[in-house]
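**Student:** Just lifted these from Swiss-Prot, have a look:
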- 36-234: domain 'VWFA 1' (DOMAIN)
- Asn211: N-linked glycosylation site (CARBOHYD)
- Asn515: N-linked glycosylation site (CARBOHYD)
- Asn536: N-linked glycosylation site (CARBOHYD)
- 549-559: compositional bias 'Acidic residues' (COMPBIAS)
- 592-1025: region 'C-terminal globular domain' (REGION)
- Asn801: N-linked glycosylation site (CARBOHYD)
- 826-1018: domain 'VWFA 3' (DOMAIN)
- Asn893: N-linked glycosylation site (CARBOHYD)
Amino acid sequence: MRLAHALLPLLLQACWVATQDIQGSKAIAFQDCPVDLFFVLDTSESVALRLKPYGALVDKVKSFTKRFIDNLRDRYYRCDRNLVWNAGALHYSDEVEIIRGLTRMPSGRDELKASVDAVKYFGKGTYTDCAIKKGLEELLIGGSHLKENKYLIVVTDGHPLEGYKEPCGGLEDAVNEAKHLGIKVFSVAITPDHLEPRLSIIATDHTYRRNFTAADWGHSRDAEEVISQTIDTIVDMIKNNVEQVCCSFECQAARGPPGPRGDPGYEGERGKPGLPGEKGEAGDPGRPGDLGPVGYQGMKGEKGSRGEKGSRGPKGYKGEKGKRGIDGVDGMKGETGYPGLPGCKGSPGFDGIQGPPGPKGDAGAFGMKGEKGEAGADGEAGRPGNSGSPGDEGDPGEPGPPGEKGEAGDEGNAGPDGAPGERGGPGERGPRGTPGVRGPRGDPGEAGPQGDQGREGPVGIPGDSGEAGPIGPKGYRGDEGPPGPEGLRGAPGPVGPPGDPGLMGERGEDGPPGNGTEGFPGFPGYPGNRGPPGLNGTKGYPGLKGDEGEVGDPGEDNNDISPRGVKGAKGYRGPEGPQGPPGHVGPPGPDECEILDIIMKMCSCCECTCGPIDILFVLDSSESIGLQNFEIAKDFIIKVIDRLSKDELVKFEPGQSHAGVVQYSHNQMQEHVDMRSPNVRNAQDFKEAVKKLQWMAGGTFTGEALQYTRDRLLPPTQNNRIALVITDGRSDTQRDTTPLSVLCGADIQVVSVGIKDVFGFVAGSDQLNVISCQGLSQGRPGISLVKENYAELLDDGFLKNITAQICIDKKCPDYTCPITFSSPADITILLDSSASVGSHNFETTKVFAKRLAERFLSAGRADPSQDVRVAVVQYSGQGQQQPGRAALQFLQNYTVLASSVDSMDFINDATDVNDALSYVTRFYREASSGATKKRVLLFSDGNSQGATAEAIEKAVQEAQRAGIEIFVVVVGPQVNEPHIRVLVTGKTAEYDVAFGERHLFRVPNYQALLRGVLYQTVSRKVALG
């Protein structure tokens, strides 16, 4: 019992001590007021690649974060509360990576700083909205239970401002979610060239922005002070805000034992909406609701994205005819152009449609009277004509002499007697009918009046002599001739053919019935009385022009001013004159080399063609380019394609030229548009596809993009290939190990265009030079261009320079009149060095000879093993040829030959062409083989001392027998023409004009030797032979 009383005080003391320990521990826990701070660090392309070496600006951001972590120190408030820190961090680009979750400070300070220091930048796009929402998630799942003590520090440059859809709902949505949760967001800039509007959106309000800066380019004291001030200001703001939360009461003693349960309190205020829960399963469909009231008209929505191309609309109606435009001012008369070249003879055309008959021609001259034609075949007898009315009785004429007894007519059959008819009245005279079929012989009628003689018809064109026809029947009796003198009564002739039927006379009275046979016809009666004059005939044809009369005396002046008479009718065409004598032989027409020279002067610039080509555009689509600059770059590509199509006539179609575009960002972020794609049918489809390219806004892996271009868009081809690489020259070479010279090769030319980015940085020339293959051993060197801004891409001058560079290897026709030798050839140029030439003119011929020699020695050969050799010799009098025979040789080295020509001195003596030809003939027989073509080009005016045409003919024929073909150059008008013809043809008797045109060259003066393309003409004809 005593033991129990002794132990009881000890037990009570132990219980009291335990109670004090528990209360003490609770008091300590209550004194901590935790604050959660989470860093959101931007390591996108616009930050990582802004400074060299790449990642330097990210290192500054990491340095800022570590300095900030070092400043997170606990603080004791007067309310007996301690501020303690929980800190964490993430970094982001187009993906988000947690550096370290919320960690208790200061115990986890070193681990957090080490994790920040080990960050490797992403260097791609910028998804700030996703990063903020990930930071909110980290703050909510750990740390303090007080939402008022949770803070987010977003360190970014704010890029990009626009141009692509942020995948996590957008920046404003993320910031509004933070405000809704009561989490404050500080916005800290990476300066300069940050986007203040975006940073202002990120900050909870303007007090959380305050021009805070986390990194600056400069290393000055001011920059360090600004960063230190940023850290101190943010920490002080958090401490002040937290004090109001942690010290919401003055003092609080240790807690006592729990009291009795209190009464239920009043209903509290409505709490803040909770976080959105997970998406539930779809419920059963509800029944249709009642029709609601008509809603108010909503506000105008934001502008939608560009719609797809609509279907082709219906064909429009034909428009009204436009008004006639105002006539333009007449232009000035242009300069006289070069004469056009004769075109090739066209193929015969199809027979045209027969044209309408032409107008009646002028009457031809009267032809000579043709010979009497042979008798034609008997015509069919015409139908009997109507009887004309008898004319008025004429005056009795003088009795004519008795006519010759007519031939007895055929005996006719006796006709039946007709009944006497009544006498009819005289009818109108009808037109003469065609002769009818001969009828039976009628009763003898009364003699009709004699008709007027008709007018003579025009003489017809004599016809071709026809074949002899069959003997025709006996013709009718001819017209009655004029009465001749009375002749002797002749014996009765044979019975003649019946005469033409006369006009039907009036019916006579019935006679007594006959009773005998019909007698022979009586003699013709006397001519009747002369009838009245006939109607006037039509106007006859004009007669032949008479001989020119003598000039008459001048008439008296007529002072009356009469009106001018009507212009007379066009006269008849005179007879064709005799053929004139043949004209002189005209000068030779332009040679082929002269024609090519004319063509080159007229249209060589417009005939050079650009293409076919393969042009590739490699377009930087990284974040540092910016949306507006990316759109300008696409317009530049379209304008280049248009200029090549219109100005350079490049045809972008299958089998011709090809174009392609590659846009790129970071690794595996490439997209291309290719004219070889099945959905791109023409250049218009290609341009539409380029317009639809969307800005990627990521990192910059230029080497990988160039490798992609070579693998996908550079198949083997014979076309000229050129690649235009448009970039800011800041490829992430630390992570992109593909060399920038991947396109360098002998089959492609690379042009790099470097442009300042959105931060105003000048493009890196070192990368641009490597891209364009400059200073490299492999590949053809390209061109590197640097521009201040993307707007300069659309400058007209720059576009013109780019298209000129693309088409620098134009395919132009060859107007140089090239020459080719089909066999080995030895050519000697024989220069006249006599006194008649003169020293100045001799120097001119030496220059001309060197031009010819250069053309000969550089000419093409059908077989490279066949040699062309040239020798130049000057001559004057007898025995005066230089170089001498010992030094003379054929040369193939132009430099040596030109030096020997330059060393020639003017001889200035007599002229002996025969001796010069004999010298060259001996030289060829000794130094030239038999299979080699031997040609001599001789300068001469045909004058030779003491030489005759026969002597020259002998010398030329001797050279021809040695196989030498002679060409002659004649300078000036003072020439011996007969001797020149003998030098050309080797004949004194005749001259072949065609042969002379090929072997004779006439020049007006020595200066003309060096003008134009005469040296090409001469060398070509000598080469062809």
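The first residue you see is number 1, and the count goes up from there.
Note: Cβ is positioned from N, Cα and C throughout, glycine not excepted.
Tell me about the surroundings of these features in the structure.
**Tutor:** In this view, Asn211 (N-linked glycosylation site) is surrounded by 14 other Cβ atoms within 10 Å of its Cβ, with every protein chain counted. According to its DSSP assignment, Asn211 (N-linked glycosylation site) is coil.
Asn801 (N-linked glycosylation site) carries a helical DSSP state (H, G or I).
Sequence-distant contacts (6 or more apart, same chain, Cβ under 8 Å) of Asn893 (N-linked glycosylation site) comprise Leu857. In the three-state DSSP reading, Asn893 (N-linked glycosylation site) counts as coil.
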**Student:** If you average the pLDDT over the domain 'VWFA 3' (826-1018), what number do you get?
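**Tutor:** When the pLDDT values over the domain 'VWFA 3' (826-1018) are averaged, the result is 91.
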**Student:** Sorry to bug you, but what's the C-alpha spacing from Asn211 (N-linked glycosylation site) to Asn801 (N-linked glycosylation site), rounded to the closest Å?
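**Tutor:** Answer for this pair: 45 Å between alpha carbons.
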**Student:** Determine the Cβ neighbour count for Asn801 (N-linked glycosylation site): the number of other Cβ atoms within 10 Å of its Cβ.
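**Tutor:** Its Cβ has 13 other Cβ atoms within 10 Å.
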